[in-house]
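J.: Got a structure for you, written out below as structure tokens; questions coming shortly.
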């Protein structure tokens, strides 16, 4: 990572204890959601729509099929299969998993309390087979250790990365440059959130650090021009809204660069969102933890939406699916054998019909691995 990002990336990750969380059954979450909705103003009409009407899960059949196969392996060992939906969101994948069999259980993780509320209402009919935990998904191994009960084994972990439909559609969350909204972009925007907003980030970074963030996380060739323009404007009048920032970015990007790649602010908004939510750092920590936590026959499934996420996933999976035997060793010792096998052939994408019905699925890539033996050494 660039030197300009060193200080930013060393910020400590949050733990289960430092992030106030809500570990509750679906029944209680449904009640919580109902009470919360009753207290909202008329301006929150969009937030009150049913989760199922607002979110179309990406590559649903493929993801569920991969995870159900892991559940069957656990069931064959005489245990009850549990899947952790590490990015619960609106609960679409979780609902399909719970409908796939009568015994499979799901633990849903999300740092966004509003997502937990809405998913809890959606999944209330499954009773105690669904449990919700408010936390960041790099604590997936701790959640498994704390919440798996005797007779249960971890059959799968699902990561559906990136920003959710809930966050994109809520204009006031500040994720979209197409709406004029407060410059926030935090996945957890609650009052007790320890994260800084994008407005707060822009108020403290210098040009060099901002250029590094945009170049590293947005892969934007105009990072230098954008950073220079944003910092210059920030010194005069601090940014407070998305449209304000998008306009400055648009003016900074040369005309030739606007001919392809969509809106000029697209990559910068992605970069800032990744930065304030520590998305790549959290993912890099979460994948090894998830692979350590899975039981024999269990599967990890990752849906990524840009090359940075997919690169981290590919690297984490490769570390477990290849032999660690030194070159030239005549016999592969047991401790050098891979502990996982690849289930997907590289990164799979959605079918054309799905992209036509749900354009947000277009950039999705799915990778999956299955645990085939227990490690005889530390692989972290």
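Each residue, glycine too, has its Cβ placed from N, Cα and C.
Note that TrEMBL annotation is computational and uncurated.
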J.: Any idea which of 307-343, 344-380 is down as region 'Disordered' in TrEMBL?
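T.: Region 'Disordered', as annotated by TrEMBL, spans 344-380.
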J.: Among 4-26, 27-49, where does TrEMBL put the label region 'Disordered'?
T.: 27-49
J.: As a quick check of your reading of DSSP, tell me how many residues in the region 'Disordered' (344-380) are helical, how many are strand and how many are coil.
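T.: Its residues divide into 9 helix, 8 strand, 20 coil.
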